[in-house]
Amino acid sequence: MQSSFSLSLSHPTTVPRSNHTFDSLPFAPSKPINLRLCGLRREALGFSSLSRRGLKLHTPTLSKSISASLTDNGSPPKSFDYDLIIIGAGVGGHGAALHAVEKGLKTAIIEGDVVGGTCVNRGCVPSKALLAVSGRMRELQSEHHMKALGLQVSAAGYDRQGVADHANNLASKIRNNLTNSLKALGVDILTGVGTVLGPQKVKFGKAGFPDNIMTAKDIIIATGSVPFVPKGIEVDGKTVITSDHALKLEFVPDWIVIVGSGYIGLEFSDVYTALGSEVTFVEALDQLMPGFDPEISKLAQRVLINPRKIDYHTGVFASKITPAKDGKPVTIDLIDAKTKEHKDTLEVDAALIATGRAPYTNGLGLENINVVTQRGFIPVDERMRVIDADGNLVPHLYCIGDANGKMMLAHAASAQGISVVEQVTGRDHVLNHLSIPAACFTHPEISMVGLTEPQARERGETEGFEVSVAKTSFKANTKALAENEGEGLAKLIYRPDTGEILGVHILGLHAADLIHEASNAIALGTRIQDIKFAVHAHPTLSEVLDELFKSAKVEAHVASQLSEPVAV
């Protein structure tokens, strides 16, 4: 599950070029980045053997030892305990650690909670388990869908505890695999709360025990985020809950209010309605699903909200929420977002607070290095280097992931961590955040990469270029029709003068998988006039994008970058 989506569009940065051309991309990387959903690499999936730098490593069973193997984890630097210390063992810290060991750095991770962070334990991973259940339930409950396929199914039901166990067991499995992968590569896992004492120096320890002080040539902060709860809302973890509590699925309410209609709220509405709940959205903005491309939001409302047991209030704040107590229901006071006048009072069985996430940066010792957070986020430059209160770079200190607020997605954190490791090992690297995809795992799914149409048109007006839009429907795709899942749209936003891809947005079957062809094209600087010659297997859903790129109209005088054909 994604946290609230945030993309910082900073000024263009000059990036060292590779043999590829990226003339139109301000953040273009000089090498393709391996972007994976949640950043879980091969080592995290429990493969019995791993290939690293010519070594064949076998994943060991869990042991009490957390000491690193110097053979696998590099030699200790002469003047420091480690080459790299990472504070936080979530997806971002894990991805950075694996890449650091691959580069020969002596590496340690400080983790005060559990390996895997929010994504594995309270976010992406368990939420996908619940959404897998909701997807099956929706299919089995759709009599029209089943009859269209010639199938007859008796009434579908579910066991709440069994569903909850499925989510918990998946999180536990992935968490263990992540821990094993770090140990297999010799990364030291230092248990305790990490604090920056000064340049290249940290301490860690548990309450009631002496602190340990370590030094490192470079330090990465990767502490992630926690659910954001606005003032006036009382969370009891039972009837007024955050996403952390909801993933435990301790009960399925008859009527639940979801405060916030972004990624988190939308995914949980999918889960709860599939399991029989009625849902009411409370959204502070004037429209549902803020942050999505408006055309996609409009279609999503028609497909994901209107046909289901969902109603909504827009342009209102939940100014006060009181948990259920002594036989009384959860009460929610709604006020007008603009006038602050009282609008309504709702009495429901439960309320889920899905108003985004807040950076977890307290207690890091930032005052020791003259760093002041901005709305809780640690300020960084385009290379994730931490900036102090005077506007100067803090030497050898980086911050990745939700804690810096650039893009609050797990796989963005991992990509940022890999980018930092590239830099500290001598290769300048700037991550192109516009090439990082995002997805909402509803049924059907929504995915996107790059700019929305309003963002693209605003940029076009500022920089003086025209913006064009192309669209294709899933109703014209053979594979989607074979699945009886023809509801969907793919939208391409581009520059007709150069063929640059500005953004792609998809709502439809397996949209989260389809988006990567577009995100990789943006990352590599591939233009439409080139990618429209790519061959896609038939019949597959990938042909939705094939038709999308082919339908774009690029000006005839634009030169193609295609290489010479190779005879076979």
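Even glycines carry a Cβ here, placed using N, Cα and C.
Record features, source TrEMBL:
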type     : residues                                                                       : note
ACT_SITE : His538                                                                         : active site, proton acceptor
BINDING  : Lys128, Gly194, Thr223, Gly224, Ser225, Asp402, Met408, Leu409, Ala410, His411 : FAD binding site
BINDING  : Gly260, Ser261, Gly262, Tyr263, Ile264, Gly265, Leu266, Glu267, Glu283, Gly356 : NAD(+) binding site
DISULFID : Cys119-Cys124                                                                  : disulfide bond
DOMAIN   : 82-417                                                                         : domain 'FAD/NAD(P)-binding'
DOMAIN   : 436-547                                                                        : domain 'Pyridine nucleotide-disulphide oxidoreductase dimerisation'
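Taking CA atoms as the reference points, Leu266 (NAD(+) binding site) and Lys128 (FAD binding site) are 13 Å apart. Look at the binding-site residues Gly260, Gly262 and count other Cβ atoms within 10 Å of each Cβ; Gly262 has the fewest.
Between Ser225 (FAD binding site) and Gly262 (NAD(+) binding site), the C-alpha separation comes to 17 Å.
Within 10 Å of Cys124 (disulfide bond), counting C-alpha to C-alpha distances, fall none of the binding-site residues Thr223, Gly260, Gly262, Glu283, Met408. Cβ-based crowding with a 10 Å cutoff singles out Thr223 as the top-ranked of the binding-site residues Thr223, Ser225.
Across the fold, the C-alpha of Glu283 (NAD(+) binding site) and the C-alpha of Met408 (FAD binding site) stand 20 Å from each other. In this structure the C-alpha atoms belonging to Ile264 (NAD(+) binding site) and Thr223 (FAD binding site) are separated by 20 Å. Of the residues the record lists as binding FAD, namely Lys128, Gly194, Thr223, Gly224, Ser225, Asp402, Met408, Leu409, Ala410, His411, the two whose Cα atoms sit farthest apart are 30 Å from each other.
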